[in-house]
Amino acid sequence: MGTALVYHEDMTATRLLWDDPECEIERPERLTAALDRLRQRGLEQRCLRLSAREASEEELGLVHSPEYVSLVRETQVLGKEELQALSGQFDAIYFHPSTFHCARLAAGAGLQLVDAVLTGAVQNGLALVRPPGHHGQRAAANGFCVFNNVAIAAAHAKQKHGLHRILVVDWDVHHGQGIQYLFEDDPSVLYFSWHRYEHGRFWPFLRESDADAVGRGQGLGFTVNLPWNQVGMGNADYVAAFLHLLLPLAFEFDPELVLVSAGFDSAIGDPEGQMQATPECFAHLTQLLQVLAGGRVCAVLEGGYHLESLAESVCMTVQTLLGDPAPPLSGPMAPCQSALESIQSARAAQAPHWKSLQQQDVTAVPMSPSSHSPEGRPPPLLPGGPVCKAAASAPSSLLDQPCLCPAPSVRTAVALTTPDITLVLPPDVIQQEASALREETEAWARPHESLAREEALTALGKLLYLLDGMLDGQVNSGIAATPASAAAATLDVAVRRGLSHGAQRLLCVALGQLDRPPDLAHDGRSLWLNIRGKEAAALSMFHVSTPLPVMTGGFLSCILGLVLPLAYGFQPDLVLVALGPGHGLQGPHAALLAAMLRGLAGGRVLALLEENSTPQLAGILARVLNGEAPPSLGPSSVASPEDVQALMYLRGQLEPQWKMLQCHPHLVA
C-alpha cells in the first residue's frame, strides 16, 4: 500500500532568537538535512508525499488544556523580550512568533499520518516535524516540545478510529515523560521508552524515569521504562532490549497500531545521547516493529542533533518502511553489562503484569556501584568525565561511509516445480522458470539417491538457479519447492552450494524431518537450528535442536528468546529456512518466522518448501519476504511448561558462547 512522508516547509520557520546554549541545537537544519538526504537517496520519490496540515485547537485539546493552548497561541504577537521571558518559565524551551503555527503543523502531520494508515491509504509512514513533542505535557512546554505530537496522534486514533490497543515506542535518548504522564493510567496505550538516565543524573532528572515506574491504576504495567545508566550503548544493546523486553510485551499486547517517537539523538555521534548505535540499527528496529499491528507503523520525528547521523538514521528508517531489507549491523553483537542490568531490572519490574515474562527468570539484579540521584536536582555529568569519553571517541568512519548496499533488481522470486494457477503473488514477485545447467545439476545431485528421480532433479535445477541469483546479488530473497522425499537432500545441496559460492556465514533454520548432514564441516561458517527436533539439545555451538513449541506463546518465546538472538549473534550473510516433511507450522507462524529472519543477511533469505506445503505457504511467504507484514497470530497464549523448560535449558547451555542470548548480567565475563 505504500509509505507516506508527511512534511511542510513552514516547520523550518521557528528558531532561537537569543543566545541559549541549551536550546541552540534545536534548529531548522534538522529538517532540511533529513529531507535533503531522503531526496539524494531517491527515497522521497518512492513515498506518498503529504503536506502537513495544522491540527485544530479541538484536536490539540485531546491532550492539552485550553489555557495552555491559548498561551501558546498568544506567542504569535509577542516581541523578542516577551518571548524570552515566557520561555524562561519552562525547562529547555524557546518560543518564536511562528512557534504556534509550526507546532500545530507538527501535531497535524502526526494526525494526517495516522489517518492515512488507518484508512488504508498507506501501510506506514514518517512525519518529519519540528518542534518535537514527547516532552510536552498537558499544560506545559518542555525540552524543545510544545504540543505532544505522538500523544495527540494516539488520542486521535482512539477517538476517531476506535482503536483499543496502541503501542508507543520512544527510542529517543531522552525520557518522553510527557507521553508517560498523559497515559500512565490508560491500559489502551502501552508506552515503551529507553533513555539515557545515569541513575537520575541526566535530564530530565526524574525519579519516574526509572524501571520501577510502570504506570498507575488501571494502567499498571502499561508504562515500560528502560533507563540506560551508561553512555556508549550500541547496536547489540538496542537489539537485545527489543528481543528480551519490548517484543515479548508487544506480542502479548497485540497492538492495532504502532506509533514511534523517532528520536535519533540515540544514534552515534549525537552530542545529547553519546551513544554508539549506527544508523543501520534503526532499520533493524523498524523492521522488528513492522511484524506488529499488521505493519501499521507511524514514525514521528523527535530529537536528533548531529545532522549527519540524523539524516542517515532517517534514511534507514524510511527505506525499511518502504520494504527494503535492513543492511547488516556492524560491531560485536554482545550487550554490555550495564545494558543487561537495565534490561533485567525492567523485566523484573514488568513481570507481575505480563504473562510472557512470568515464566522466565526475571529476578531483579543490583545495579553497578554508582552515585544514585539524591533528593532534588542532581549534578549533571561533566562532558570531560571518564564516563563520557568513550562515546565522545565514537568512530566517525561509521558515519563517513554509510552502508549503501545496491538493491538487487529482483526483490523476491518464486521457483516452483509445477505452475500453480491458484497462487496469488504480489505484482513485483517473479515466478522463475529457468534452471541451472543439466550437467551441473546432475553433479550436485549425484551423492544423493533421492535426487535421482526426474521430478527431484528438476526442482534442484530451479533451486540452484535461484540460489545463484541471490549469491550474485541479482535476487534478494526467494522461495523454492522440492518433493518431500528429496527435501533433506535438496537442503544439503543448498547449504553446500551456498558455502562454496560466496556465503561466508550461512544460517539454516530447519523445521521437520531435516537433520544436519553429519559430514558438514564444523568450521563455524554454518549455524544449524533444527526446530521440531526430538529433544532440546545444544549438540555444538553451531548445531542446536529444539522441539517445536505446541502453543503460540511458546513459539514466540522460541523465536524471540532463541532463534533471533542466535541469528543476530551469528550475523549470517545467507539464511535458509527449510520447511520439510512434518514441519507442523501454520501459515501465520511460518510468515512471522520468515519476516523476522528477513532482518538478517540484508534480507537474503531462501525458503525451501516441501511440495505438500507449497500451495498454502508459498503465497504468504512471498508476501512477507517481499516486505509485507505477516498476519497476526491472534490472542496471546502462554508457553507450555515443557516449552519453557526446553528454552531455559538451551539458553543455559549456549549463553556463554552466544552473548545475544543473555538478558541477565551475572553471565557477562
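Quick reminder: no glycine exception, Cβ is built from N, Cα and C everywhere.
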One of ASP36, ASP91, ASP265, ASP270 listed by Swiss-Prot as binding Zn(2+) at the site of ASP172, HIS174: ASP265
Listed as phosphoserine by Swiss-Prot, one of SER261, SER393, SER557: SER393
Which range of 21-24, 197-200, 445-448 is motif 'Substrate specificity', per Swiss-Prot: 21-24
Which recorded positions sit within 10 Å of GLU272 (site 'Substrate specificity') - Cα, from ASP20, HIS135, TYR305: TYR305
Residue distribution over DSSP helix, strand and coil in the motif 'Substrate specificity' (21-24): 0 helix, 0 strand, 4 coil
Cα distance (Å, whole number) from HIS135 (active site, proton donor/acceptor) to ASP20 (substrate binding site): 19
Distance [Cα-Cα, Å, rounded] between HIS135 (active site, proton donor/acceptor) and TYR305 (substrate binding site): 16
Fewest Cβ neighbours within 10 Å, where candidates are the recorded positions ASP20, GLU272: ASP20
Local Cβ density at TYR305 (substrate binding site) - other Cβ atoms counted within 10 Å: 22
For the region 'Histone deacetylase' (1-323), the mean pLDDT of the predicted model: 98
CB contacts for HIS135 (active site, proton donor/acceptor) [other CB atoms within 10 A, all chains]: 30
